[in-house]
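TrEMBL lists 18-475 with the feature domain 'Major facilitator superfamily (MFS) profile'. Annotation comment: TrEMBL describes 20-41, 100-124, 131-150, 156-177, 189-210, 216-235, 299-323, 329-350, 362-382, 451-471 as transmembrane segment.
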Amino acid sequence: MLSSPRPFDSHLEECGAFSFYQVLVLLITQLSYVTVSGSMLCTVFDNLKPLVKTCHDEEFVSLIQNASTSIDFCKCKNATLETEFDSLIVHLGVACKGNYVATSMSTAVMAGGVIGSIIFGYLADRFGRKPCLISCLAGCVLINIVFPFIAEGLTIVIIVLLLLGLFAGGYLVISVVPPVEVTTNRWRMLCNCLHGWPFGCMAMALTAYLSRRWNIYHLALGIEGLPFLAAHFFISESPRWLLQHGQPTKAQKVLRRIASFNRKEPLKHAVMFYPDEEDDQQKSSVVNYTYFDLIRDKVVLLPLLVLSYSWFSGGVISFGIYFDVGGMAGSIFLKTFLMGLFKGTTGFIPYPLSRVLGRKPILVTSIVITSFSAWGTVILYYVGKAEYMPVLAVIGIGAIDPMWKINHLMSVELFPTVVRSMSRGVVNVSSRLASLVAPQVAYLSTFLAPLPFMIYGSMTILHIIMVIRYLPETRYLQLPETMSIKKDERNNVYTTESTDV
């Protein structure tokens, strides 16, 4: 499909490897997380219960003198409440119906994220990155704007949250791909370290703080996403995807547009893609891969399994530590904002390190520090220094964020263009499943305080072994374009060939 003697990255270098156009794509796709992060984590605020400032019931009068004692507002009939955020569960009148309500709402969002990862991962590889990005962001914007006007029952709310998670999960899968596919390996790490999730967390905290009501919060999320939704229409489809789907002429136009946008003249030698004599035949026989093909191709399957475990392990540890330290005193808005700021700061560490180290050493170092943090927490408990356990927990959170950056980057660099979004969909599903398992692991601390950290430490040891043994280095590699198996859909035949790297 590609008639060029040079690697794709060399053409991008001539068009401008990281200039105005690439910065524009990066900003538009990542700043859109002002809506996406707030949608995916909306139950952080939607499930908040009011705090009892004073309870006037006789049975609680003796507790008023004890400032450290907290009273469940559901058990106090005559209370003076302190409300940080007028939440959705209070609006629905279900705040006192048991923890299953809040759990059901949070699970609905995460379940939607799993479904969205699978569906849009496939659609982005089949129909293109741009239409799927626009569809996902449009879904988040529309649902957030409509949500305040239809949230009149728990069943409706759970269905809406499921759909919101579906579109937000889809955007999470695809959004990393376009910025990386239009630049070279020199700049991929920078693009990845500027991932929009931490910024989205900070924006979410600020939006909730200023709105203070669930309905205004969701309406604000939708309105904030409108200008970024419009901006997505100015982004071109990924030229890599176009080339691998029988559209070299369109890919050539996109590359010329990139070169023009980046003020690279003349353009005669910047683009060297020509439809060959068999172009029409090749275009008509473009192969559409499915998730089953990820299993058939051993070159794809092994790193997919390793990265899936990496995302699962990192998810269990990250969410588990959040649950362990989430009960600390302080404003929910400030804690959420600082969490995003902390993740953004520590997550940028891999970029300067990448100048001298490959992806694997940074990943392994991150996991090793997290492992020492987990086992160090266990040791502190048994030597009678349990009061210092939160300190190592915070170190663990900081150490694991660089791991996430490498995970995101390698989930793009290791998999061919034709199945890249599907592969990211699989590893994202692992992360979503981890978010469901993590509370159960954190709950084990009620039986033995360091038990969750023993599990985290054990998972990191296996994680280190798998990465060192089975994960290849991708620092100097071109992005792979095709599968190592050649699929004949008409005859249902598979043959093995070398991967275009």
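Each residue, glycine too, has its Cβ placed from N, Cα and C.
Automatic prediction, not curation, is the source of TrEMBL annotations.
Sequence-remote contacts of a segment are chain residues at least 6 beyond its ends whose Cβ falls under 8 Å from one of its Cβ atoms, and for the transmembrane segment (131-150) they are 29, 32, 35-36, 38-39, 116, 120, 123-124, 156, 160, 163-164, 166-168, 170-171, 174-175, 178, 214-216, 218-219, 221-223, 225-226, 228-229, 232-233, 235, 421. Over the domain 'Major facilitator superfamily (MFS) profile' (18-475) the predicted model carries a mean pLDDT of 82. Remark: the transmembrane segment (216-235) contacts the transmembrane segment (189-210), by the rule of 3 or more CB pairs under 8 A.
For the transmembrane segment (451-471), the neighbouring stretch richest in Cβ pairs under 8 Å, chosen from 100-124, 156-177, 299-323, 329-350, is 299-323.
The transmembrane segment (189-210) makes no contact with the transmembrane segment (100-124): fewer than 3 of their CB pairs lie within 8 A, with pairs spaced 6 or more apart in sequence. Same-chain neighbours of the transmembrane segment (20-41): 109, 113, 133, 137, 140-141, 143-144, 164-165, 167-169, 171-172, 175, 178-179, 182-183, 187, 191, 194-197, 199-201, 203-204, 207-208, 217, 221-222, 224-225, 228-229, 231-232, 234-235, 257-258, 261-263, counting only residues six or more beyond its ends whose CB sits under 8 Å from a CB of the stretch. Using the rule of three or more Cβ pairs under 8 Å, pairs at least 6 apart in sequence, the transmembrane segment (156-177) is not in contact with the transmembrane segment (329-350).
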